Amino acid sequence: MMFINLLLRLMCVFLIGADGQMVQMESSKAGFVGSQVELPCQFVNSNPPVKISQVTWQKLVNGTKQNVAIANPALGVSVLNPFRERVRFKNPAVRQRTPSLEDTTIVFNRLKLTDESTYICEYTTFPAGNRENMVNLTVFARPMIQMSLSTPSIVAGSKDLKMTVATCVSANGKPASVITWETDLDGESNTQEISNPDGTVTVRSDYFVVPSREIHQQLLTCISTYNEEQYTDSVTLNIQYEPEVIIEGFDGNWYLNRENVQLTCLADANPTISLYQWRYLNGTLPSSAELRDDVLIFKGPVTYDIAGTYVCDATNSIGSGSASVEVIVTEFPSYPHEVFQDQQQAGVVIGGAVVCGTVLLAAVTLLVVFLYRRRCMFKGDYSTKKQILGNGYSKAGNVPSHPSLPHSLTFSDDSDEEKKLELYRGSSILGGSVQEFHTCHDSRIKAYRTGLIEEHERCAFNEQTYIYEYGSEVEVSVDMIPQMDGSVISKEEWYV
């Protein structure tokens, strides 16, 4: 059949008559089952024109021609069985009383797999004779993708025995599909193809893995690739397994008189647990123990009576699982190392905050005291200098009639005022009387308004200011410090 098709194609792809007539067609067409497809056919009638007597569409079946549709100018249009309900001429002019047969394209509706074949469009002309061409129609079938678990529930078994957990089927596809698996499971697949009588192919792929609790609820995806199109379907594995049990609640710090302690039985199982049972290996359960399914509650304060080993048994339809815990009761609570570290860190933080607050308070206090003393001790112009007995000049800038002091008059803070006064009295240079300020009413005495005397009296420091008469008025305070150049400045200026 392939040889005949090839021969016909070589002869008829562009069959040109002696006068230039030919039939134009596409070499191949394709469609999916249930869809619609057009098979074009056009007649090129060159000069001189010829008369078209009839157009016949034929299906080539096993080397023989089977009529599909006929268009005759005199007899009209006819579509034969089994194509009558699904095949028609596309151009309405073909069906007119005076038809135009240059374009006799036919349309297939509800395409079937059996429609796949080679179709011939044949023109009968006068006087040129017959002209024809052919087209190959291919029909595709999209597969039905179905994925399922091997059984609704899979029971976990031996760790070395793999079993089929899921099956993916791409049924009745044309051409055949390619099946792959997408999953995190450590399994393998087995794929086989089955050819069907209608020319389609069914592909089946089974996935094998060792069923266990670890793969429960894992996703398994089947990917079917067909004609560069991908179809996916997924299932979630349902693995049944016996309970795996642990007991929580004992923290290693159950001490006498502790309140609200309990043990909880936690079980990982599929299906769920149907029965919980508690056992006390040291005898019967203590009187303070109360059973509430998976929880064992101890009422009242902790006593030595509840010490011992407790066992929880959990059961489901697949099997049973157990776990135990040994409860130890101590006289005093024990604090974990982590708690001690947290407390120590908290103490460091609190101590640091206290120290910082204390330092800040002390600094503020010192600052306030310093400012207050400074205000009490000196209120004047720091740039003021008092001449005293020895720089060779009077306050007005005149040369004094007496020689300058041979040395500076300097006193320490703790010098006795009587000694200071005696020293001044014994000096021949002074040559005058010394009087206390508060008893002196001489109008010739001029006190520089530094504010020292008044402020000292107001602050009650009991300090005395002495006035020395030597050509010009001079005042000296015990808080004033004589300098080498004969001037005297306050202690604050001296420190600066």
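Even glycines carry a Cβ here, placed using N, Cα and C.
As recorded in Swiss-Prot:
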DISULFID  C41-C121  disulfide bond
DISULFID  C168-C222  disulfide bond
DISULFID  C265-C312  disulfide bond
DOMAIN    34-138  domain 'Ig-like V-type'
DOMAIN    243-330  domain 'Ig-like C2-type 2'
CARBOHYD  N62  N-linked glycosylation site
CARBOHYD  N136  N-linked glycosylation site
CARBOHYD  N282  N-linked glycosylation site
SIGNAL    1-20  signal peptide
TOPO_DOM  21-349  topological domain 'Extracellular'
TOPO_DOM  371-496  topological domain 'Cytoplasmic'
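Predicted-model confidence for the topological domain 'Cytoplasmic' (371-496) is 46, expressed as mean pLDDT. Residue density at N282 (N-linked glycosylation site): 14 other Cβ atoms are found within 10 A of its Cβ, drawing on all protein chains shown. Around the Cβ of C312 (disulfide bond), the number of neighbouring Cβ atoms within 10 Å comes to 25. Distance from the CA of N136 (N-linked glycosylation site) to the CA of C121 (disulfide bond) is 12 Å.
Checked against C222 (disulfide bond) by C-alpha proximity, the recorded positions N62, N136, N282, C312 yield N136 as the nearest. Taking the Cβ of C265 (disulfide bond) as reference, residues of its chain lying under 8 Å away and at least six apart in sequence are, in sequence order, V245, I246, I247, Y276, W278, D294, V295, L296, C312, A314, A323. Nearest Cα neighbour of N62 (N-linked glycosylation site) among the listed recorded positions (C41, N136, C168, N282): N136. If you take the Cα of C41 (disulfide bond) and the Cα of N136 (N-linked glycosylation site), they are about 13 angstrom apart, rounded to a whole number.
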